[in-house]
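Structure, as structure tokens:
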Amino acid sequence: MWDYVKLVALGVVAAIAAYAASQARDLPYMVNMVEVALAAVIALIWVLRTMGDPKPSKDEYFDGVIRAGVIATTFWGIVGFLVAVVIAFQLAFPALNLEFGNGMLNFGRLRPLHTSAVIFAFGGNALIASAFYVVQRTSAARLFGGTALGWFVFWGWQLIIVTAATSYLLGGSQGKEYAELNWHLDILVAVVWVAYLIAFLGTIFKRKEPHIYVANWFYLSFIVTIAMLHIVNNLAVPVSIFGTKSVQLMAGVQDAMTQWWYGHNAVGFFLTAGFLGMMYYFVPKQAERPVYSYKLSIVHFWALIFLYIWAGPHHLHYTALPDWASTLGMVMSVILWMPSWGGMINGLMTLSGAWDKLRTDPVIRMMVVSIGFYGMSTFEGPMMSIKAVNSLSHYTDWTIGHVHSGALGWNGMITFGMLYFLTPRLWGRSGLYSLKLVSWHFWLATIGIVLYASAMWVTGIMEGLMWREVDAQGFLVNAFADTVAAKFPMYVVRGVGGVLYLLGGLIMAYNLWATVAKQPKTANLAVAVPAE
């Protein structure tokens, strides 16, 4: 019966999407609707082909979707890093801004593609896959909703990634940082995200373990908060239901405040709380040590959840935002430093008694460096939120360096460690294909991050000082073009750092493939047992 319901639903979706494509008022909308229709048809065929298949045992963990998530995370990571290298060199060498396809490959189109690829494709797939793995293992229960809900979340997320990418390349964007998707794709994100919440929360509800492990607290907080942020920030009235354009519900300073309430907390919950859930599970597992202080992890959780949501106004210092709101954001940001470092200390001290593994285990080394970058970024962020510091750093490349030291160092490195941990276990292999390749990846990525971040710190501070330099009469000394020319050497260094990081990602992709293809198999027990 359920299969027939799915067939009817997919048929209706395909028909509506095909009709919408035929009535489209602009190219991005038409292409997106064609993609949705094709996805629905492919899903319909897949349901037809699998209708008679035996149902999987309810005593086994649902690891198929997690394996797919590992593959997707690796693939989209490479795509995101590759686009990053292209746009880094486009900034250094503007001639690389090609006008092919009506500007499809210039910086303005590729930049949102890059941010979405690394945050929502690479990071999003990593979070979905790891959350599904962790919640099943710590609950000793199969994923709620079975294969249907799990695969809907996974393939729905891939559809969002593909439609977003094509929309950006074709010029479809609403121009909001980290929220460039137009209204019709915003709805798709909300639907898939609610399904993700149901799968995760349902698994916790049917858990066999009485205790809810702290990693699940962080995962759940990130899922719930991102849903709220996404829906409120993207409230809009479409100009036409057959076009991408819409009118935002809020305007002016209210829209700016809502946008950076969303933008900062996309960092705070998507890129921090979610990945802290990853840290609290995979670091103890890889180190084979319990969390240093479980009480500290609880304090860390509640302090972070309360404070982070207030910090958004620090993005709007010296703007039309009321001074009280700006000051409130600054104060909350400075206070946020303390729980953030509590989490960093908890992660690092989990290795107590196992520090020798840093010499022998490059995966642990990667995780430890990621925690170090988390600590550095969560000190630098509150410092940059102070108005006096922000007057120098705002609108400069210092902010870019700060974001990327966190994204590449914290999010990237902990994700790499998670992928190296999961791959042999999910495919039932005796171990990774090559620890030497992991070590190569570690050093290439670390050197790449240092080159990138330090180049942006240097050029950002230089840029801020050049902007504010005045002569004896009070006139500006430097034209804007002078500041751009002065940044050229550091832009090249940034590009080189990006190339090294990309090479590390390619080495990882080969190592993971070789682990599955060339390593001997072992018994792979995916049976629901007391918390692992």
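First residue shown is number 1, and so on along the chain.
Glycine is treated like the rest: Cβ placed from N, Cα and C.
As annotated by Swiss-Prot, transmembrane segment applies to 1-21 (among others).
According to Swiss-Prot, the feature transmembrane segment maps to 27-47 (among others).
Taken from Swiss-Prot, the feature transmembrane segment applies to 69-89 (among others).
Look at Swiss-Prot and you will find HIS114, HIS404 tagged as heme b 1; low-spin binding site. Its Cβ taken as reference, HIS114 (heme b 1; low-spin binding site) is surrounded by 21 other Cβ atoms within 10 Å in the chains shown.
Among the features that Swiss-Prot reports, transmembrane segment is placed at 115-135 (among others).
The transmembrane segment feature in Swiss-Prot is assigned to 143-163 (among others).
Residues 32, 36, 128, 131-132, 135-136, 139, 141-145, 149-150, 152-153, 156-157, 159-160, 163-164, 167, 212, 216, 219-220, 223-224, 226-227, 230-231, 234, 236 of the same chain sit 6 or more residues outside the transmembrane segment (185-205) yet have a Cβ under 8 Å from a Cβ within it. What Swiss-Prot lists as transmembrane segment is 185-205 (among others).
Counting same-chain residues at least six beyond the ends of the transmembrane segment (212-232), those with a Cβ under 8 angstroms from any Cβ of the stretch are 127, 131, 134-135, 138-139, 179, 186, 189-190, 193-194, 196-197, 200-201, 204, 258, 261-262, 265-266, 269-270, 273-274, 276-278, 280-281, 291, 294, 297-298, 301, 305, 309, 531. Annotated transmembrane segment per Swiss-Prot: 212-232 (among others), in sequence order, evidence recorded as sequence analysis.
Counted within 10 Å of its Cβ, the other Cβ atoms near HIS315 (Cu cation binding site) come to 23, all protein chains included. Look at Swiss-Prot and you will find HIS264, HIS314, HIS315 tagged as Cu cation binding site.
Sequence annotations record features per position, and here Swiss-Prot assigns transmembrane segment to 296-316 (among others) based on sequence analysis.
Cβ atoms under 8 Å from those of the transmembrane segment (328-348) belong to residues 276, 279-280, 283, 291-293, 296-297, 299-300, 303-304, 307-308, 310-317, 368, 371-372, 374-375, 378-379, 381-382, 385-387 of the same chain, restricted to positions at least 6 beyond its ends. What Swiss-Prot lists as transmembrane segment is 328-348 (among others).
Marked as transmembrane segment by Swiss-Prot: 366-386 (among others).
Residues within less than 8 Å, Cβ to Cβ, of HIS402 (heme b 2; high-spin binding site) and separated from it by at least 6 positions along the same chain comprise SER377, GLU380, GLY381, MET384, SER393, MET456. The heme b 2; high-spin binding site annotation in Swiss-Prot covers HIS402 and is backed by similarity to another entry.
Taking Cβ pairs closer than 8 Å, the transmembrane segment (403-423) reaches residues 66, 70, 73-74, 77, 118-119, 122-123, 126, 129-130, 133, 267, 271, 275, 278-279, 282-283, 285-286, 363-364, 366-367, 369-374, 376-377, 380-381, 429, 432, 438, 441, 445, 448-449, 452-453, 456, 501, 508, 511-512, 515-516 in its own chain, all 6 or more past its ends. Here Swiss-Prot flags 403-423 (among others) as transmembrane segment.
Per Swiss-Prot, transmembrane segment is recorded for 496-516 (among others).
27-47 is the stretch from 27-47, 69-89, 115-135, 366-386, 496-516 with the greatest number of Cβ pairs below 8 Å to the transmembrane segment (1-21). Looking only at other Cβ atoms within 10 Å, the busiest spot among the binding-site residues HIS314, HIS404 turns out to be HIS314.
The Cβ of HIS264 (Cu cation binding site) has 25 other Cβ atoms within 10 Å, all protein chains considered. Under 8 Å from some Cβ of the transmembrane segment (69-89) lie the Cβ atoms of residues 96, 107, 110-111, 113-114, 117-118, 121-122, 125-126, 128-130, 132, 154, 158, 161, 412, 415, 419, 422-423, 426, 491, 494-495, 498-499, 501-502, 505-506, 508-509, 512, all in the same chain and six or more residues away from its ends.
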